[in-house]
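Student: Okay, so TrEMBL annotates it like this:
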TRANSMEM  31-54  transmembrane segment
TRANSMEM  66-84  transmembrane segment
TRANSMEM  113-133  transmembrane segment
TRANSMEM  164-188  transmembrane segment
TRANSMEM  200-218  transmembrane segment
TRANSMEM  251-274  transmembrane segment
Amino acid sequence: MKDLAQSVELGVSQRRGVYVTRPKVWVKNELVRVGLAETLCTYVMMTFGLGSVAQVVTGQGAFGQYFSINVGFGLGVAMGFHVGGKVSGAHMNGAVSFTMCVFGRLAWKMLPLYIFAQLLGSFLAAGTIYGIYYEAIHDYCDGNLTVTGAKATAGIFATYPAPYLSLMAGFADQVFGTAMLLLCLMALSDQKNKPAAAGSEPAAVGLLVVLIGISLGSNSGYAINPTRDIAPRIFTAIAGWGTDVFRAGNGWWWVPLVATPIGGVLGAGIYKVFVELHHPPHSEQAEGSAEESIPLEKNQNISVNVCV
């Protein structure tokens, strides 16, 4: 395959009389590069996020509390951003990728690749955390893997609604949480407004995820990300929790899948209608300000997550 990298031999370059040995293995195909980066950054984000939940649950409060999970996912998003931001945009979130397609910032033909990469990264992260915390999980629940109850452990990997939450209220919760995520992400990337400073984008997006977690997380675990939720849920069904992962919460499993893309488009659309569409033309803005703003190109990926 010509567009996959060419050789595996070592090349030797001579610079000022010094021989430097370097590998000549690379991937030229953009789809492969994007897929690999999106898979890895999603894996990194989910490993840190799920790991923080596992530590809190199995440690029974000795190694962290709810805020630890917020920080774990927030920092996981920031690290994932660093891993894939310049290659795939580090969406790490199917709702983000879908919204970028709707608003013309990502080609629709790329959406299946992003979704597959995010599902794969999330599934592998769930498997990794299950392996790392295998003994801790089984010690905590005495080997009885359950979805609900005092010793439930399925919530380490996927989100479930609080006992008081109805499906309708949970659907609205997920729509609103994801809308706030995308609204703020649009603002952070808007070069004609007050975007995140160059180089600070990972930290800004990570803090946004922490903010959503500490303000909108108690109802249903703030999935705000369809791929983050369904892939680990499938893993738990295979790993021993069974089909209860799909029956729990009055069949909650479909809510993060459907509500989050709707919320993403809604939040991004609200930002465009209230703010972005009313920016003056670039030339007028440049005349009235010492700083020039560069408009976001139509096909430029918005870099983020999220997820949790």
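Note that Cβ sites are derived from N, Cα and C of the backbone, with glycine treated the same way.
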Student: Hey, which bits of the same chain come close to the transmembrane segment (66-84), Cβ under 8 Å, at least six residues off its ends?
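Tutor: Sequence-remote neighbours of the transmembrane segment (66-84) are 37-38, 40-42, 44-49, 51-53, 55-56, 90, 92, 201-203, 205-210, 213-214, 217, 303-308.
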Student: Let me spell it out: take the transmembrane segment (31-54), skip the flanking residues so only those 6+ beyond its ends count, and list any with a Cβ under 8 Å from a Cβ in it.
Tutor: 4, 64, 68-69, 71-73, 75-77, 79-81, 83-85, 87-88, 90-92, 110, 113-114, 116-118, 120-122, 124-126, 128-129, 132-133, 136-137, 155-157, 227-228, 232, 305-308
Student: Is it true that the transmembrane segment (251-274) and the transmembrane segment (113-133) have 3 or more CB pairs under 8 Å, sequence gap of 6 or more?
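Tutor: Output no: the transmembrane segment (251-274) is apart from the transmembrane segment (113-133).
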Student: Please work out whether the transmembrane segment (164-188) lies in contact with the transmembrane segment (200-218), by counting C-beta pairs under 8 angstroms that are 6 or more apart in sequence and asking whether there are at least 3.
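Tutor: Yes, these stretches are in contact.
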Student: Any residues 6+ beyond the ends of the transmembrane segment (200-218) with a Cβ under 8 Å from its own?
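Tutor: Non-local partners: 66-67, 69-71, 73-79, 81-82, 85, 162, 173, 176-177, 180-181, 184-185, 188, 224, 303-308.
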